[in-house]
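*Asks:* When I checked TrEMBL for this same protein, it listed these features:
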DOMAIN    5-347  domain 'Aminotransferase class V'
BINDING   Arg42  L-glutamate binding site
BINDING   Ala76, Ser77, Trp102, Thr152, Asp171, Gln194, Asn236, Thr237  pyridoxal 5'-phosphate binding site
MOD_RES   Lys195  N6-(pyridoxal phosphate)lysine
Amino acid sequence: MSRPYNFSAGPAMLPEPVLRQAQEEMLDWNGSGMCVAEMSHRGKEFMSIAEQAERDLRELLALPEGYRVLFLQGGASSQFAMVPMNLSGRTGKADYLNTGSWSKKAIAEAHRFCAVHVAASTQPERFVRAPTQAELALSEEAAYLHYTPNETIEGVEFPYIPETSAPLVADMSSTLLSRPIDVARYGMIYAGAQKNIGPAGLTIVVVREDLLGEPLSGTPTMFDYRVHADSGSMYNTPPTYAWYLAGLVFQWLKDLGGLEGMGEINRRKAEKLYAAIDGSSFYANPVEPASRSWMNVPFTLANPELDADFLAGAKDAGLLTLKGHRSVGGMRASIYNAMPEAGVDALIAFMAEFERTKG
Ligand code: PLP
C-alpha cells in the first residue's frame, strides 16, 4: 500500500527510497554489526559516513573553495543567536530584512547582541511580497545583511539575491537544496534540516572561512563557529543518525540529477498548484505572484466554515497536515523535495472535487 502524502511544513516527508535504505541498514550498517545510531562518532565507520555526506553536499551545492560546512544541533533558531554572536563583532551593527514570521524572530534575537537596522519591512503589507532591491535601505557599517529567502509561514520567496557590500547571511531552512543556488554570493547560509535535508536535530551551516574567528566576548564554546570548524563538527557528539540520514538524502538528490533536476521538478509542482488556485474562485493565495514560494503554498477557502470539512476530507483521501499555520489560518501545502509530483496532482484533484461538491 502506498503511504499518504504529508504536506507538513516540517518535520516533513523524507524520500521513500531513503527510508527504505535506512530500514534495511537499521540493524547492521554495512557489515559493521551496528546501527548507525550506536556507532562512536569518532570511529572509522561513522567518520566515513560523515565525510561522504559532506563531500556529497559540497558537490550538490557546487561549493566554491573557502567555505566550511558544519553539521550542528540547536535548529535554525540557535542560528538566530549564533549569527550575531559570531559575525557582528566587526562593527557591532547588522542589517536585517523583515519579511515574515521567521525573519522577525531572527531580528528579535539579534537585538540581544548588536545594533540592528531593519533595512526593509513588508510587515505593513502583511508580508505578501518580498521587497525589491531598490527598497532596501542598507547601512554603510553593517557587519552583515541577514534575510530569509523563503518565509515558510507566509509562503513568500525572494525572486532575487539581494546585492550588498556586507556579507550576505541567509536563513535557508525551507529552501536549501530545493534548486541550484549561487553560494559565492553568500557569506553564510544556514538551515534546520527538517524540510529538505533530513530529520530534525541537524542544522547545516555553510560559512565563508574569512568570517570565522571573531566571536563576541562571552560567546559560549558551543556557539563559536570556529570551534566547530576546527573540530570537523565533532567538538562534542554530533547528531549522528540525522547526519547519516541527511547523507542518504544527498545521494538520492544526486541520483535525481542534483539540484538542477530537483529544481525542475519543484518548479512544475509549484506552478501547477498555483495555477489550480488561481484558476478557481473558491481558493485564493494572498502572495504577489513574483514572490510566491515554491516550497510553502498557503491558501484559503472562500468559506472558512468549510475548513474543517476540507481537512477531514483531505485526510480521508490520504492528504495529511494541510492546516495552515495558527498565525495565518487557512491551509498550507508544503511541497518540499520529498513530496512526489503525484502528491501535488492528488491534492489538486481533491481540491477540484471539494469545490465541485461543497463550494
Ligand atoms: N527559519 C525558518 C525559515 C523556518 O522555516 C524554521 C522552522 O520552521 C525556523 C527558522 C526554525 O527552525 P528550528 O525549528 O530548526 O529552530
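A Cβ is built for glycine as well, from the same backbone N, Cα and C atoms used for every other residue.
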*Asks:* So if I take the binding-site residues (Arg42, Ala76, Thr152, Asn236, Thr237) and measure from each Cβ to the nearest atom of ligand 1, which come out below 6 Å?
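*Replies:* Ala76, Thr152, by Cβ distance under 6 Å.
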*Asks:* In three-state terms from DSSP, label Asp171 (pyridoxal 5'-phosphate binding site) for me.
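*Replies:* DSSP call for Asp171 (pyridoxal 5'-phosphate binding site): strand.
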*Asks:* If you count other C-beta atoms within 10 angstroms, which of the binding-site residues Ser77, Thr152, Asn236 is the most crowded?
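*Replies:* Per the Cβ count within 10 Å, the most buried is Thr152.
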*Asks:* What's the longest C-alpha separation between any two of Ala76, Ser77, Trp102, Thr152, Asp171, Gln194, Asn236, Thr237, the listed pyridoxal 5'-phosphate-binding residues, in angstrom?
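*Replies:* This binding site's residues have a maximal Cα-Cα distance of 30 Å.
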*Asks:* Please state whether DSSP places Ala76 (pyridoxal 5'-phosphate binding site) in a helix, a strand or coil.
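*Replies:* For Ala76 (pyridoxal 5'-phosphate binding site) - judged by DSSP and reduced to three states - the answer is helix.
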*Asks:* May I ask for the distance between Thr152 (pyridoxal 5'-phosphate binding site) and Arg42 (L-glutamate binding site), taken between their Cα atoms and rounded to an integer number of Å?
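*Replies:* That separation, Cα to Cα, works out to 35 Å.
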*Asks:* Are there residues of the same chain, six or more positions away from Asp171 (pyridoxal 5'-phosphate binding site), whose CB falls under 8 angstroms from its CB, and which are they?
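*Replies:* The answer is Ala76, Gln79, Trp102, Ser103, Ala106, His146, Tyr147, Thr148, Pro149, Tyr190, Ala191.
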*Asks:* Can you grab the distance from Thr237 (pyridoxal 5'-phosphate binding site) over to the residue listed as 'L-glutamate binding site'? Cα atoms, rounded to a whole Å.
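*Replies:* Each residue's Cα considered, Thr237 (pyridoxal 5'-phosphate binding site) and the residue listed as 'L-glutamate binding site' end up 9 Å apart.
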*Asks:* By Cβ count within 10 Å, point out the most packed of the recorded positions listed: Arg42, Lys195.
*Replies:* Lys195
*Asks:* On average, what pLDDT score does this prediction assign to the domain 'Aminotransferase class V' (5-347)?
*Replies:* 97
*Asks:* What residues, ordered by sequence, lie under 8 A Cβ-to-Cβ from Gln194 (pyridoxal 5'-phosphate binding site) and sit at least six positions away in the same chain?
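*Replies:* Listed in sequence order, they are Gly10, Pro11, Ala12, Ala200, Gly201.
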*Asks:* How long is the line from the C-alpha of Ser77 (pyridoxal 5'-phosphate binding site) to the C-alpha of the residue listed as 'N6-(pyridoxal phosphate)lysine', rounded to the nearest angstrom?
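*Replies:* Checking the Cα atoms of Ser77 (pyridoxal 5'-phosphate binding site) and the residue listed as 'N6-(pyridoxal phosphate)lysine' gives a distance of 14 Å.
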